[in-house]
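Please read the structure below before turning to the comments.
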Amino acid sequence: MAWSTGQNLSTPGPFILLGFPGPRSMRIGLFLLFLVMYLLTVVGNLAIISLVGAHRCLQTPMYFFLCNLSFLEIWFTTACVPKTLATFAPRGGVISLAGCATQMYFVFSLGCTEYFLLAVMAYDRYLAICLPLRYGGIMTPGLAMRLALGSWLCGFSAITVPATLIARLSFCGSRVINHFFCDISPWIVLSCTDTQVVELVSFGIAFCVILGSCGITLVSYAYIITTIIKIPSARGRHRAFSTCSSHLTVVLIWYGSTIFLHVRTSVESSLDLTKAITVLNTIVTPVLNPFIYTLRNKDVKEALRRTVKGK
């Protein structure tokens with residue numbers, strides 16, 4: 001499908017998500033894999049939210065932030081994966097302009113929110129391990145609520161400016177988006193107008209969000225590691241590290257895939273690579289989080305055991 005003249009995003013007309021072209025057997029395999037992973041993501045994160053709500057021992061700031069992260073993962077994957085699954089069906093990749101813009105806004109807003117939430121969770125672990133006697137007085141329920149709310153507000157505000165700029169772009173020629181959801185980079189490639197401002201603003205916001213959240217996380221864990229090393233007993237060190245190991249694992253996976261995603265030569269020559277790596281952030285990481293927090297967290301495992309036994 002092609003258009004011979006440039007059209008503004010407000011002009012009616014669909015885009016087509018290319019998804020994952022290839023042999024039918026491969027597409028069926030990917031469809032089933034993504035479907036199973038999506039269902040596991042929803043069920044796993046709902047289970048964590050339910051566990052925290054059902055057990056008073058888990059109703060602390062740490063698990064309040066975890067519930068926010070679990071809710072975010074459900075929303076994040078739901079904003080992306082159902083349409084991705086639709087691209088495997090004939091004409092399933094067709095998406096309206098409004099639908100594409102809406103999906104892009106929510107996917108990237110939720111992505112920014114995750115960076116902020118992970119930074120807040122790192123700060124919470126810093127207080128719990130480095131300042132245990134003052135933790136209860138500092139990390140009050142009110143502060144935890146404000147930090148979580150601030151993460152959501154900052155995440156959804158950060159993408160507003162680039163989304164507005166993208167909405168003003170004109171497109172000509174092909175409207176086939178070489179991705180499995182409405183990403184910014186493929187839209188920039190399709191535009192027939194100057195995209196320098198959009199690229200600069202998008203890069204600036206991504207740089208500030210990633211660098212800011214990463215900075216808070218790194219500083220927090222620098223203090224945490226220093227404090228753990230100073231603990232004289234091996235048992236004490238293990239106990240202290242176990243309180244943050246789950247979060248650290250999630251942070252390493254999330255930032256690791258982010259680094260791979262942004263280390264690339266050019267937008268045009270790396271769309272296929274970007275599409276493959278983005279699967280880590282949008283599909284793989286959300287399904288891993290519930291299992292990481294369940295398998296590596298003693299309190300969550302105990303709450304799950306009590307729930308299964310009906311106690």
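Using N, Cα and C of the backbone, Cβ positions are placed for all residues, glycine too.
In Swiss-Prot, the entry for N-linked glycosylation site among N8, N68 corresponds to N8.
According to the topological domains annotated in Swiss-Prot, C100 and W187 fall on the same side of the membrane.
Per-stretch counts of Cβ pairs under 8 Å to the transmembrane segment (200-222) identify 104-123 as the leading one among 104-123, 143-161, 240-263, 276-295.
Distant neighbours of the transmembrane segment (240-263): 62, 114, 118, 121-122, 125, 128-129, 206, 210, 214, 217, 221, 224, 227-228, 231, 274, 277-278, 280-281, 285, 288-289, 292-293, 296-298; these residues of the same chain sit at least 6 beyond its ends, with a Cβ under 8 Å from one of its Cβ atoms.
In sequence order, F15, I177, C182 are the residues near C100 (disulfide bond), counting only same-chain partners six or more apart with C-beta under 8 A.
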